[in-house]
Amino acid sequence: MSCDHCVRAVKKIVLSLPEIDFVEISLDAANQIGTVTVSFDERKTNLDAIFSVISKNDYTPFLSDSEANPAKNSPFPTECPIFETEEEKPPESKSLPFSPSNSASVFEGEKLILKIEGMSCAACVLNIEKTLAKKDGVFSAVVNLSLKKGTVWYDPKKTMPEEIISAVEKIGYAAKIAGASKSGDDAKELEKDAIRQRNNFIISFVLGIPVILGNMSLMMDMFSFVPDFLGNKYVLFVLTTLIMMGPARQYFSGAFKGLKNGLADMNLLIAAGIGCAYTVSVVSTFWDLGPGYDHLYYETAAMLVIFVTFGKYLEARTRGKTSTAIRKLMELQPPTSRVLRNGTETEIPAEEVVIGDLVVVRPGEKIPVDGTIVLGNSMVDESMLTGESLPVEKNVGNSVIGATLNLSGSFQFRAEKVGEDTFLSQIIRLVEDAQTQKPPIQKLADTVAGNFIVAVFIIALTAFLFWFFVGYDWFNIAETDEFLGISPFLFSLLIAITVLVISCPCAVGLATPAAVMVGTGMGAENGILIRGGDGLEKSQSLQAVVFDKTGTLTLGKPNLTDMILLNPYETSEKEIFQIAAACENNSEHPLAKAIVEGAAQREIYPKPVGSFEAVFGKGIRATFEDRPVLMGTRRFLLENEICLDETALLQIQNFENHGKTVIVMAVFHSPVALFALADTLKKTSENAVLKLSEMGLAVYMLTGDNEKTAQAIAKEAGIDPAHVISEVLPTHKAEQIRKLQESGLMVAMVGDGINDAPALTQADVGIAMGAGTDIAVESADVILIRNNPEDVAVVLQLSRLTIRKIKQNLGWALGYNAIGIPIAAGILYPLVHTVLISPELAAAFMALSSVSVTLNSLLMKKSKIK
């Protein structure tokens, strides 16, 4: 499979049905082939119901042993396909392969990321996506205007990257395969684009100001200070022609390429407006067409280019700022690395480190790649990974992460993950993928932009015809001071030019991706990876958050919380910990390790024991300084004829009521101490629950623990006892999420383990702890790198802020066009004769519209997310 989105989508589709016990999608990574396996109770549901719900979501299912594929003539799906395989499945489960609706055969699929130049607005995005969608062998294509990138899923048996690039180039855009990102590369490209647009603006300004002054001197006495030669129509022609051949050339070139392929975009609107003003002026310069046709509009053409080019420059500048998060992540990677090859220490570029290299790191240096220490030790600052400022001790056998900072000692480590496989590269890739994917709300923008250009030309033509045949005489335009003596044709043409110039599909196209780029970037800076626009949009509508207990709200390992002496007059606390540390040090059980760690916290360390025996599931027998010692459960001690008095039993019951596990110690067959252990709550869990509750969300806890233990943890975390779902089998967690959804709630699931994966998929938004299993992470829409439950509230804040900005941007962009275009067409002129926008002012408004949308998105960075 080439698309994680499809995996999650199909899982959610199938799990939306009741009585589905299990859904698994297995992958053959080498061939990118997958099979969906569904386990269900045939007495309560059937294949027809499963087929029906899948078919309604644009996928066509069929059994792997079917000879005929009903999908053969079905419509093409909009999403990336999931690939089928014909392997045999156990009799208790049904295998449901999914393929694109126009193919029944087994096939491979690949993902291609393109760098695309020449896009100017949302119409360009739609043109490219439509062109690629029509190409045989292409499953789907998603193009991002802000990133200037396109992601294409295709069948390599039917088409090749070169053919896909050729298809893009044929419609007038430059495309190439996007290489591996290097620190600063994207920033340099954005800087080059900004410099290019800045130079265009400077040239248009230097040439345009004399044109504007000269042309105005022919019409108004207040410009009498302008030298006479600038008022010469032939001088104005030469200067304006230079502008057309220089800064304005990009618009004419883009419009021509689009028209050649039957496509319309922003370039066509600009070129039409500038071209009309310039052409009319040239005709008036060299030919005498009579009264009313002797006006020159060189200043209009010049001012249009100045304003539009200035807007392009500002847009390029502000667009660069939206990608600062990725740039900052890339800059964490050190440029060089010191490796040992053939016994010689050599400094090489970090990207040239290969798996197996011995890498040398000295104090104060950044670790270049991921690996495991083989020599030396140190303290490492992993704050970029965990958010914790305290350094982490690293010894032989410990793993190190690239881009983290070595503080004190020197060490050598063996490189295990390099290039695009490092932890940092994976984070960058997830952020880039999230910024490329479109949230559902952008479908509105794409639909509007797709028909926008044609609609504008129809409005412009309608306005021209109305003013030429009706409005000019009706309102006596030729007798007004502003348009004295102008011909019907020229006046109507000015109206049409204004309509073309004021319209701005760029703002519509940038409204969503600009906000998503800033939002996902802010998330990355706060240790939150949002994997796509879908999760981002759904997060803002959540009504309930369900936390898995172990490893999510709690630390995920037992800790010693209490030690009670049963006979304090005969033994001391220090002596008991000496015995416990010595005896339990030989055990591999997590509870034993917790007791040893508890002793170490009191600076008591293990000593040798005379003998040791571990009794599986019960406890241990040992001899310490010739004293027989038993440690284990109450039942283990009873089996060894050691009885506990009423006081000890009440204390044990009290501990168990608080969700703790009790280990009893007996020395010389006499109980001497109780050790209480529990999977303790993370320090941030209580505050996380409080924040979510204050935001109006219902907080639930889901666990396989017994009711007492679950309620004890929930009480400590501040979760409503009625919202505790305990004693849930791993395979039934998804069912519990579904029940909450059926009650009408939009639900997020927060988990970290393999058994959380189905529930993460079933939830409207799946949130995985970054330290969790790969399966949990792959099933999630959001990843919390710092493993901090408080970040769930940050996800919601960020989602609400981003969607609010998107709505503001779309509201502004659509509102601007809805108001500006009719005014430009002269709709208010019958009511207020002074309300008629000039082409120059229309160009200024158009430039301001695109820039304002991007700046509004950047204002998100001023918001406090905590």
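Placed from the backbone N, Cα and C atoms, the Cβ positions cover glycine too.
Note: TrEMBL annotation is automatic and uncurated.
Annotated range for transmembrane segment in TrEMBL, selecting from 12-32, 264-284: 264-284. Sequence-distant contacts of the transmembrane segment (234-252) (same chain, at least 6 residues past either end, Cβ-Cβ under 8 Å): 200-201, 203-204, 207-208, 210-211, 214-215, 267, 270-271, 274-275, 278, 281-282, 285, 296, 298, 301-302, 305, 308-309. When each of 264-284, 296-314, 448-469, 489-512, 810-829 is scored by its Cβ pairs under 8 Å to the transmembrane segment (841-859), the top-ranked stretch turns out to be 489-512. Across 201-222, 264-284, 810-829, the stretch most heavily in contact with the transmembrane segment (296-314), judged by Cβ pairs under 8 Å, is 201-222. Among the listed stretches 201-222, 489-512, 810-829, the one sharing the most Cβ pairs under 8 Å with the transmembrane segment (448-469) is 489-512. DSSP assignment over the domain 'HMA' (110-176) gives 23 helix, 24 strand, 20 coil. Note on the transmembrane segment (489-512): residues 120-125, 145-146, 265-266, 269-270, 272-273, 276-277, 280, 292-293, 295, 297, 300, 304, 308, 315, 319, 438-439, 441-442, 445, 448-449, 452-453, 456-457, 459-461, 463-465, 467-468, 471-472, 477, 483, 533, 806, 809-810, 812-814, 816-817, 820-821, 824-826, 837-839, 842-843, 845-846, 849-850, 852-854 of its chain, located 6 or more positions outside it, place their CB under 8 angstroms from a CB of the stretch.
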